[in-house]
Amino acid sequence: MAQVSINSDYSEWASSTDAGERARLLQSPCVDVVPKSEGEASPGDPDSGTTSTLGAVFIVVNACLGAGLLNFPAAFSTAGGVAAGIALQMGMLVFIISGLVILAYCSQASNERTYQEVVWAVCGKLTGVLCEVAIAVYTFGTCIAFLIIIGDQQDKIIAVMSKEPDGASGSPWYTDRKFTISLTAFLFILPLSIPKEIGFQKYASFLSVVGTWYVTAIIIIKYIWPDKEMRPGDILTRPASWMAVFNAMPTICFGFQCHVSSVPVFNSMRQPEVKTWGGVVTAAMVIALAVYMGTGICGFLTFGAAVDPDVLRSYPSEDVAVAVARAFIILSVLTSYPILHFCGRAVVEGLWLRYKGMPVEEDVGRERRRRVLQTLVWFLLTLLLALFIPDIGKVISVIGGLAACFIFIFPGLCLIQAKLSEMEEVKPASWWALVSYGVLLVTLGAFIFGQTTANAIFVDLLA
């Protein structure tokens, strides 16, 4: 029997002990990171975390469900109907779950605790930098989507409060979409985004969970007991072409992308074992699948091909139950934007410190000035783009391709490199099978990323 071992030499796997380079996803790179000592628990140590298995399932579900939910009915319409939408999600689920398991396996092998750290350690510097850039761009695009969602929900709420029909001309200046988004962003989002640390994640998580489940329940109820004034458009039963099916990929990738936050969750478990983690992510993805399918199917069948990219915009403004759903979504997004910005800012800060060769131990004044400048630039750019891109579907079509990188490409590369690092005399069939699967993941991810990004640029953005 060939002896199989994984190179666990931390000095060879790790890239650097610099905090800017190894910044935790939800921690500023400027904060000192205590190096792992010999007495510190490793990811495989049963005492390394406090999260139960059930708690891990809940956290992964919470990380998965989000703003992409509102775009799923339109994705079913794009895919060509209920059958195509279900088949696409079921087919994707296998790769989504396997990617999460691969990341946990590589986290144990490399002794790293965040997504970008795992990629850095397993795949090397170049791939690690690309991963960090992808995370920064992805969080930037998601922040734009959040601002668009705020505008979508405010339009409907303001229409009721001002007692004006949807799309009425000659509205007062203070009800203009650009003004309301800007006012909300400056009053609430910017002050929450500037601090160095964020302590409201638990409230944001609670709001996200409540809001997501409430929106799903309302969409299902409105399908079962529809309002008399709602008339569905054409109900597609088959895709116009096979390319139409792939055009729904960005929404599905964006909706199910929880891979970036999955590695810290895995390492926070009481028993971070790959087998246990496989059960956790399978249960979590089945729950997320049920929510997304319920929303997608019922929302699509309610409005048909006429469904809006933001499904809540398809409902009448006067509907009280839907208005409550809009309020939940706004509150959730107001607290989620600063968290996503914080993740992106941490990555940008790490890239900047490494590029400049700056030491982590800097005076507080320089760090504060740089943080405020980064926050203002990030905030103003996302706000400006959100004001002139009123369709959430156009944003998701772009960042959905990046989500495919986190689901397919980086886990595939990690699997290939992890298997290549094993010191074996004879390669068994399972070794070749796993390497081949890694190649399949990378190939499939590259195809989805290329196809969806090209389609987003030439069809959605330039249309």
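The chain as shown is numbered from 1 upward.
Note that Cβ sites are derived from N, Cα and C of the backbone, with glycine treated the same way.
Annotation source Swiss-Prot lists phosphoserine at SER28.
According to Swiss-Prot, the feature transmembrane segment maps to 56-76 (among others). Beyond its flanks by at least six residues, the transmembrane segment (56-76) meets 82, 84-85, 100, 142, 145-146, 149, 205, 208-209, 212, 215-216, 219, 248, 251-252, 254-258, 261-262, 265-266, 268-269, 277, 280-281, 283-285, 287-288, 291-292, 295-300, 302-303, 307-312, 314, 329, 333, 336, 392-393, 396 of its own chain at Cβ-Cβ distances under 8 Å.
Annotation comment: Swiss-Prot describes 82-102 (among others) as transmembrane segment.
Taking Cβ pairs closer than 8 Å, the transmembrane segment (130-150) reaches residues 25, 67, 70, 115-116, 119-120, 123, 181, 184-185, 189, 260, 310, 329-330, 333-334, 336-337, 340-341, 343-344, 347-348, 350-351, 378, 381-383, 385-386, 389-392, 395-396, 398-399, 402-403, 405-406, 410 in its own chain, all 6 or more past its ends. The transmembrane segment annotation in Swiss-Prot covers 130-150 (among others) and is backed by sequence analysis.
What Swiss-Prot lists as transmembrane segment is 179-199 (among others), and the listing cites sequence analysis. Residues 26-28, 30-31, 147, 150-151, 154-155, 158, 173, 334-335, 337-339, 341-342, 367-368, 371-372, 375, 378-379, 383, 386-387 of the same chain lie 6 or more positions beyond the ends of the transmembrane segment (179-199) yet place their CB under 8 Å from a CB of it.
Annotation comment: Swiss-Prot describes 206-226 (among others) as transmembrane segment, evidence class sequence analysis.
Residues or ranges marked as transmembrane segment in Swiss-Prot (evidence: sequence analysis): 240-260 (among others). Residues of the same chain lying 6 or more positions beyond the ends of the transmembrane segment (240-260) and with a Cβ under 8 Å from any Cβ of it are 25, 60, 63-66, 68-69, 71-72, 74-76, 78-80, 84-85, 88-89, 92-93, 96, 99-100, 103, 115, 135, 138, 284-285, 288, 292, 343, 393, 396-401, 403-404, 406-407, 410-411, 448, 451-452, 455-456.
The transmembrane segment annotation in Swiss-Prot covers 283-303 (among others).
Under the heading transmembrane segment, Swiss-Prot lists 320-340 (among others), citing sequence analysis as support.
Sequence annotations record features per position, and here Swiss-Prot assigns transmembrane segment to 372-392 (among others).
The list of residues near the transmembrane segment (396-416) in space but at least 6 beyond its ends in sequence, with Cβ under 8 angstroms from a Cβ of it, reads 68, 71, 95-96, 98-100, 102-103, 105-106, 115, 118-119, 122-123, 127, 131, 134-135, 137-138, 141-142, 145, 247, 249-254, 256-257, 259-260, 309, 434-435, 437-442, 444-446, 448-450, 452-453, 455-457, 460-461. Per Swiss-Prot, transmembrane segment is recorded for 396-416 (among others), and the stated evidence type is sequence analysis.
Annotation comment: Swiss-Prot describes 429-449 (among others) as transmembrane segment.
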Using a Cβ cut-off of under 8 Å, list the residues of the same chain at least 6 residues beyond the transmembrane segment (320-340) that approach it.
26, 66-67, 70, 139, 142-143, 146-147, 149-150, 153-154, 156-157, 160, 184, 188-189, 192-193, 198, 200-201, 203-204, 207-208, 210-212, 214-215, 218, 221-222, 312
Mind checking which residues reach the transmembrane segment (206-226)? Cβ under 8 Å, same chain, six or more beyond either end.
62, 65-66, 69-70, 73, 291, 294-295, 298-299, 301-302, 311-312, 315, 321-322, 324-325, 328-329, 331-332, 335-336
